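Copied over from Swiss-Prot, here are the features:
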BINDING   SER531, SER533, ARG538, SER701, ASP745  glycine binding site
COMPBIAS  1024-1035  compositional bias 'Low complexity'
DISULFID  CYS439-CYS475  disulfide bond
DISULFID  CYS445-CYS476  disulfide bond
CARBOHYD  ASN69  N-linked glycosylation site
CARBOHYD  ASN344  N-linked glycosylation site
CARBOHYD  ASN451  N-linked glycosylation site
CARBOHYD  ASN465  N-linked glycosylation site
CARBOHYD  ASN786  N-linked glycosylation site
REGION    882-924  region 'Disordered'
REGION    1012-1043  region 'Disordered'
SIGNAL    1-22  signal peptide
TOPO_DOM  23-574  topological domain 'Extracellular'
TOPO_DOM  662-832  topological domain 'Extracellular'
TRANSMEM  575-594  transmembrane segment
TRANSMEM  642-661  transmembrane segment
TRANSMEM  833-848  transmembrane segment
Amino acid sequence: MEFVRALWLGLALALGPGSAGGHPQPCGVLARLGGSVRLGALLPRAPLARARARAALARAALAPRLPHNLSLELVVAAPPARDPASLTRGLCQALVPPGVAALLAFPEARPELLQLHFLAAATETPVLSLLRREARAPLGAPNPFHLQLHWASPLETLLDVLVAVLQAHAWEDVGLALCRTQDPGGLVALWTSRAGRPPQLVLDLSRRDTGDAGLRARLAPMAAPVGGEAPVPAAVLLGCDIARARRVLEAVPPGPHWLLGTPLPPKALPTAGLPPGLLALGEVARPPLEAAIHDIVQLVARALGSAAQVQPKRALLPAPVNCGDLQPAGPESPGRFLARFLANTSFQGRTGPVWVTGSSQVHMSRHFKVWSLRRDPRGAPAWATVGSWRDGQLDLEPGGASARPPPPQGAQVWPKLRVVTLLEHPFVFARDPDEDGQCPAGQLCLDPGTNDSATLDALFAALANGSAPRALRKCCYGYCIDLLERLAEDTPFDFELYLVGDGKYGALRDGRWTGLVGDLLAGRAHMAVTSFSINSARSQVVDFTSPFFSTSLGIMVRARDTASPIGAFMWPLHWSTWLGVFAALHLTALFLTVYEWRSPYGLTPRGRNRSTVFSYSSALNLCYAILFRRTVSSKTPKCPTGRLLMNLWAIFCLLVLSSYTANLAAVMVGDKTFEELSGIHDPKLHHPAQGFRFGTVWESSAEAYIKKSFPDMHAHMRRHSAPTTPRGVAMLTSDPPKLNAFIMDKSLLDYEVSIDADCKLLTVGKPFAIEGYGIGLPQNSPLTSNLSEFISRYKSSGFIDLLHDKWYKMVPCGKRVFAVTETLQMSIYHFAGLFVLLCLGLGSALLSSLGEHAFFRLALPRIRKGSRLQYWLHTSQKIHRALNTEPPEGSKEETAEAEPSGPEVEQQQQQQDQPTAPEGWKRARRAVDKERRVRFLLEPAVVVAPEADAEAEAAPREGPVWLCSYGRPPAARPTGAPQPGELQELERRIEVARERLRQALVRRGQLLAQLGDSARHRPRRLLQARAAPAEAPPHSGRPGSQE
C-alpha cells in the first residue's frame, strides 16, 4: 500500500503543472496593482438616484471574483457641472490614476450620451452606459469602446416586438405616425432594417395642434374612402406619451388597425374613447435597477478575468490616460484588448441571460405583453392579453391573431347571415324594445311566429327600412347572443336574428324535420345559435361546430312542505349540544357554590355573615336566569372567583343562544322533502306508480334519448311532456303539481333552480347522457371549420368561462338576501312543541307544589327529630330556617301549659299605625336581632361580652320595654271609664297571649337542648327583662323561675 501511494505521488509531480502554476507575469503585475483593479464611475446628478447607484455599485463590487484574489475599487468621477467642458475634465481626471480598466456611466440626456460615445473612441477606454430612460435612437455606427445597456425598453427591442405582432397578423403594408421624434429619418431607416421593408405611409405629428380638427386633418391620409379600403391595413403610433397618444387615438379615422408603440404598464392603459381592436404592448416583470448594475459590473469582471488569463499585464495594468496628449498605443491598446473580451462575454445574471451583440449593445432578458382593446361579456371596453414576447419569440394566445380592423363607414364588404334561435334561459332571452323600437342592450330580433321563407324575407326587408310591425320586434340577449356577437366580430360577418316559428329544436315528423333543423335544411337560416344539443340524428342532416358548452341530462323534482313536528324548536341544536348545555349549567352551579363557600369573602355565615347565604339552589337560579335571559331577582356570588365564573358562563350562554337564534328561523320554516330518484334507471321511472307523472320537452334531445334508450318510459311520459322548458317547470311548481319529475338538460335545470324564489326545486340523481351544445349550420358550410377554431380559442383564452360566470352567477337558493318587506311566517304548528313544553311545565309546577307540602309535613318533622342533617345552609336557606328557627306545624300538642302575662298580647293584636318607639325599644330590638343572627348562624359561643351585660345591669332601668310583632312599638294603654264587655275581651286576649307564651317556652326548651348549656344565660336574662312587668297581675301565670 505504501508503494502505491509513493507511485501515485510521483506521477502527480511528473504530470502536474509547473511551479509557476499560471502565467509567468502575475507576480510582478500584482505587486504593481496593489491588490485591486479600478473601475471608474459617473454617477447620476439627482441625490436619491446618486445614493441608490452608489449603494448598488458598492454591493456589486464585493460580488465578482477577479483572478488572483484581486478586488474591485471604484473611482468616482465628480464633475462640477454637466456641460461638455466640465464633463470632459471630470472624466479625464477619473481616467488618470493607473489601473482604471473601464468606466461605468449613468447618462441622463442625449448630449451626455454623445460625449461619452466620443470620449470612449478618443481614449480607447471601454465605457459602459446604463440607460435608465425610455428608448432612444441609436448613435450611428457601433462603437466597440462604448457599450450600452438599456434598463428601460430599448428602441430596437420595441421595434422587434411591433414587427413580430404585425407579421403574426399578416399586415405587410404599415403606416407610421411619429410624435416627438428628433430624427424621423433615422427612425424610419431603423424600422426598415428591422421590418425588412419601408413603411407605406409616414405621418409626422410632432407639431402641436390647436384643436382636434387640426389633428384629424393631419390623420386624414390614414382614413379609408367611402366604400373603399384603407391605404394601409395597420398603423403604428410611435414616440407619444400617454396623454398625447390618447388625443391622437381619439381622433383617428376609421380604416386601419392601430398599434400603440409606447410601452405602458397595464394600469396606465386607458379604455374610454379609444378605437376597438387597438393593440398595445408593455414590458412586464422588469428587473430592478440594482440587478442591472450588478450584471454590468459582473460583465466587466468576467471580461477582465478572461483577458487576464491571456495577457495579465495588458488586461490589469492599462496605461494612464492623458486627455491633453492622446498618443496611439500600438496596434492594440489595453482598452481595445479588453473591449474585445467584453463583446464576447455572456452569462446568467440576476436579470436573466446577459449577452452582447454588435460589439456595443448589451442585452438582458425582456418580457413584453401584447394587449387588445375588446369588450367584456357585459359590453364594457377592457384590455385582454392576446400575446407574449420574450427574447425574440412571440407567442399569441388562441384568438390573439384574429383581430381585424373595423369596416369603414358605409362599406358593406362583410357577408350577412340569417341566424335562427330559440328562447331558452339563460342562453337566449327576449324582451320588448324601447319606445323608439331599438334595443339598448342585446340584438334586435324578429318573432315572426311562422317558418315561411317568403314571410321572413318580407319581414326582414321591412325591418331594414323601419316598417316592421312593432309587435314582432324583440330584443334578444343571453349567453348565446354574446357568443354570436364575438364570433361576428372576429370572423367577421353581419347577421340578422329571428326566433324559430314553431318554438322547437327539431325532430323528424312525417318525413320532415321541424324546428331549428328544419329551418337550416330549408335554407331559411344560415346558422342556428341556442342551446342546440349535438346528437347523432341531427348530425346526419346538419353540421355542428365544436361544442361550446358541455352538459348532460338531469331530473328536477319539487319539494313538498311538511308540518313541523312537536320538537322542531329544538332542531337548531343537536341533542348532544342540549345535553351538554344543561350538564354544563349544573356543573357551573356546583362550582359557583363551592367557590363561594370556600372563599373568605363569600355570601356565607363564615364569610360576610349576612342574613342571606348563597346556596346551591341560588346558584341554579342564577345560572338558569343567565341562560334564558330572565330578569328576575337572584342572589349573586360575592367572591371574585365566583364572579369570574359567572361572567364566563354568561359569555357561554350568549354564544349558544346566538347560534340557536340564528338557526331557528331557517329550521322552523318547515321541513322540505323531495322525491327521491337515483337517476334515469330508478324503478319509479321505469315502473311508475299510480299518479306518478314525469315528462320532458317535445322534440328535444332529451326526448330523443329516452325514446331511443327507454321506449316504455317514453310511452308513459309522452302525454305528460311540455312544449318548452319554462312550461315544464311551471307544471312542476303548480299547485297541485301536474308533474312529479321533469327531465331536461341539466344546464337548463340548474338555471331554473338558481332563480327559484321559493326554493322548491332541486335536481336529483346522477347525471346521464353527456352531450354538448354547438352551433348548427347547413351541411358543407365553409363557416363550420372557422367557427370551430374560434370556439376552441375562446375556451383556452377563458372567454367561455367569462360567459358562464356572467349568466350562471346567480344567488343560490337559501343564501339570498330577503327584501325588507319579505317575512318568514311561522304558523301555530311551528310552535306546537313550545306550547306542549309550557303545559308540561305547569304540570311539573303542580307536582313540585305537592312535593313541597309533602316534604314540609312528612320529611321535615323526621329530620328535626333526628340529630343529623340539621345544617342545610349550603343547599337551601329555606330548609335550614325551617329546621332551626320555625316551629313545626302541629306543635300545639307538644307544648306545656303556660300563662301569657303582660300587655304583650294586646300589643300584638293592634292593627293601626303606632308612634315612634323610645330609645330603649331600639336597644332591645338590636339585641334581639343579634340574638336571632346568633341562632341563625348556629354558633354555640355567646356573642355579647360579659362587660356589656354588667353595664346593662348597672344602668338605671328606663322602665319595661315591650317587644311587639312586626317590629312595631307598643300601643298606648286605654284610659277612661270601662266599656261594656271590655273585661271579657281582655280575658280572651290574655288567654290567647298565655297560649302563645306557653308555645314559646316549649320552643325555647327545644332550642336550649340543641344548642347546649353555654348559651342559656344570655337568653334567660333577656326573657326575664321582658317578663318583669307581666308579674304584677295576680293571675299572670307561673313565676319566672319555673321557665
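Glycine is no exception: its Cβ is also placed from the backbone N, Cα and C atoms.
Remember, predicted model here, so these are calculated numbers, not experimental data.
All features noted in Swiss-Prot, drawn onto the structure.
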residue	record	DSSP class
CYS439	disulfide bond	coil
CYS445	disulfide bond	strand
ASN465	N-linked glycosylation site	coil
CYS475	disulfide bond	strand
SER531	glycine binding site	coil
SER701	glycine binding site	helix
ASP745	glycine binding site	strand
ASN786	N-linked glycosylation site	helix
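Fewest other C-beta atoms within 10 angstroms, among the recorded positions ASN344, SER533, ASN786, are seen around ASN344. Across the topological domain 'Extracellular' (662-832), mean pLDDT in this model comes to 77. Within 10 Å of its Cβ, the residue among the recorded positions ASN451, ASN465, SER701 with the fewest other Cβ atoms is ASN465. All chains included, 25 other C-beta atoms sit within 10 angstroms of the C-beta of CYS476 (disulfide bond). Considering only the recorded positions ASN344, CYS439, CYS445, ASN465, CYS476, SER531 (glycine binding site) has CYS476 as its nearest partner by CA-CA distance. Among SER531, SER533, ARG538, SER701, ASP745, the residues given in the record as binding glycine, the maximal Cα to Cα distance rounds to 17 Å. Long-range Cβ contacts of CYS445 (disulfide bond) within its own chain (separation 6+, distance under 8 Å): THR421, ALA430, ARG473, LYS474, CYS475, CYS476, LEU497, TYR498, LEU499. Sitting within 8 Å of the Cβ centre of SER531, SER533, ARG538, SER701, ASP745, and not among those site residues for glycine, are the Cβ atoms of TYR505, PHE532, ILE534, ASN535, SER700, ALA702, GLU771, TYR773.
Remote same-chain residues near the transmembrane segment (642-661) are listed as 572-573, 577, 581, 584-585, 588, 591-592, 595-596, 599, 602, 614, 622-623, 626-627, 629, 636 (criterion: CB distance under 8 Å, separation of at least six residues from the stretch ends). The C-beta environment of ARG538 (glycine binding site), restricted to residues of the same chain at least 6 apart in sequence and closer than 8 Å, consists of GLY506, VAL517, PHE544, GLY776. Among the recorded positions listed here, namely ASN344, CYS439, ASN451, ASN465, ASN451 has its C-alpha nearest to that of SER701 (glycine binding site).
Note on proximity: among ASN344, ASN451, ASN465, the glycosylation sites of the record, the Cα nearest SER533 (glycine binding site) is that of ASN451. The closest partner of CYS439 (disulfide bond) among the recorded positions, by CA position, is ASN465; the full candidate set was ASN344, ASN451, ASN465, ASP745, ASN786. ASN786 (N-linked glycosylation site) sits 32 Å from ASN465 (N-linked glycosylation site), taking the C-alpha atoms as the reference points. The number of other CB atoms found within 10 A of the CB of CYS439 (disulfide bond), across every protein chain shown, is 18. Of the recorded residues, ASN344 (N-linked glycosylation site) and ASN465 (N-linked glycosylation site) place their C-alpha atoms 72 Å from one another. Across the structure, ASN465 (N-linked glycosylation site) and ASP745 (glycine binding site) are spaced 39 Å apart at their Cα atoms. ASN451 (N-linked glycosylation site) and ASP745 (glycine binding site) have their C-alpha atoms 25 Å apart, to the nearest angstrom. If you draw a 10 Å sphere around the CB of SER531 (glycine binding site), it holds 25 other CB atoms from the protein chains shown.
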